[in-house]
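I have placed the structure first, in the form of structure tokens, so that the comments after it can refer back to it.
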Amino acid sequence: MVKQITDKLGRPIRDLRLSVTDRCNFRCDYCMPKEIFGDDFVFLPKDELLSFSEMERIARVYTHLGVKKIRITGGEPLMRRDLYKLIAALNEIEGVEDIGLTTNGLLLKKHGQKLYDAGLRRINVSLDAIDNELFQSINNRNIKADTILEQIDYAVSIGFKVKINVVVQKGVNDDQIIPMVQYFKDKNIQVRFIEFMDVGNDNGWDFSKVVSKDEMLSMIQEEFDIEAVEPKYYGEVAKYYRHKDNGAQFGLITSVSQSFCSTCTRARLSSDGKFYGCLFSTVDGFNVKEFMRSGVSDDELQAKFEELWNIRDDRYSDERTEQTVAIRKRKKINMNYIGG
């Protein structure tokens with residue numbers, strides 16, 4: 001039986017994001033800049049990560065509190081060995097209606113078929129440019145955009161539903177908006193443009209680098225005949241638009257200019273097993289891993305999850321506009337731990 005719970009702001013819980021690793025094979029400046037995450041950087045040892053059985057248990061308990069959707073994140077989740085085994089286990093949980101994965105796409109040909117066979121059907125690929133030279137400068141690993149586009153084509157060919165996520169930075173890749181809208185329109189793949197977010201302590205965020213949703217929409221409307229699409233469900237973060245000629249859609253995510261805190265239904269477990277109520281958390285999360293490993297029962301674990309949600313009052317994006325300077329000085333949790 002599902003127990004309906006809400007947080008301090010009346011928001012239900014519907015989504016669980018599981019970060020399965022803090023490692024990544026890219027070094028994008030806004031997430032894991034190479035100057036900080038160099039060759040000598042020490043990542044979490046294996047025993048500090050949640051095991052697949054622990055993640056399965058967490059997900060199963062969360063379904064009793066209303067979780068229906070699970071997204072696997074990182075770091076780069078495809079760097080976690082045997083990830084397909086976790087997907088298979090999550091697919092067996094009663095109450096889980098949807099499982100998704102966010103990836104940079106580099107390893108899709110290597111692992112995609114096993115993931116599909118395990119029951120994964122939806123993938124979001126982070127791709128910030130389709131210009132090869134620009135994309136190489138963004139990922140700092142000399143990976144061409146063409147390489148990722150080939151991986152995307154492969155994923156689509158074996159049956160995955162794919163969406164593309166683009167973090168837009170003014171003066172960096174905002175000139176990619178129109179080419180990417182056109183490219184993925186022709187492919188009939190949804191591309192979503194995300195306002196550059198203030199996540200973590202190392203990404204050099206500055207408001208002047210933000211290209212707002214209204215700016216992006218204006219650019220796109222000058223080139224394409226589009227119409228707005230009604231939201232599909234409560235808490236949907238992207239505002240979607242449809243091309244009138246072929247029906248292909250794209251989305252704009254207003255993570256900075258128009259907060260969606262009031263409808264956020266996500267709980268997050270970091271790669272080291274801590275609970276966070278917000279991607280922009282500024283305090284260390286409750287250590288679920290240690291709590292579980294102390295020998296608690298499922299009932300005790302559920303009670304703790306309920307307690308953590310009941311006291312949740314995170315609304316960082318709302319607060320940013322109210323007291324930007326004070327909030328920018330707070331220490332935040334880096335995205336490779338908490339998951340995008």
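Cβ coordinates come from backbone N, Cα and C, glycine included.
When Cβ atoms from all protein chains are considered, those within 10 Å of Arg268 (GTP binding site) total 23, not counting its own. The GTP binding site feature in Swiss-Prot is assigned to Arg17, Arg71, Thr102, Lys163, Arg266, Ala267, Arg268.
Among the features that Swiss-Prot reports, [4Fe-4S] cluster 1 binding site is placed at Cys24, Cys28, Cys31, with the record citing sequence analysis. Secondary structure at Cys24 ([4Fe-4S] cluster 1 binding site), taken from DSSP and collapsed to helix, strand or coil, is coil. In the structure as shown, the Cβ atom of Cys24 ([4Fe-4S] cluster 1 binding site) sits within 10 Å of 23 other Cβ atoms.
What Swiss-Prot records for Tyr30, Gly75, Ser126, Met197 is S-adenosyl-L-methionine binding site. Neighbours of Met197 (S-adenosyl-L-methionine binding site), defined as other CB atoms within 10 A of its CB across all chains, total 21.
Cys278 ([4Fe-4S] cluster 2 binding site) falls within neither a helix nor a strand when secondary structure is assigned with DSSP, and so counts as coil. Annotation source Swiss-Prot lists [4Fe-4S] cluster 2 binding site at Cys261, Cys264, Cys278.
A mean pLDDT of 96 is what the model gives for the domain 'Radical SAM core' (8-227). The domain 'Radical SAM core' annotation in Swiss-Prot covers 8-227.
Geometry remark: Ala267 (GTP binding site) versus Cys278 ([4Fe-4S] cluster 2 binding site), CA distance 7 Å.
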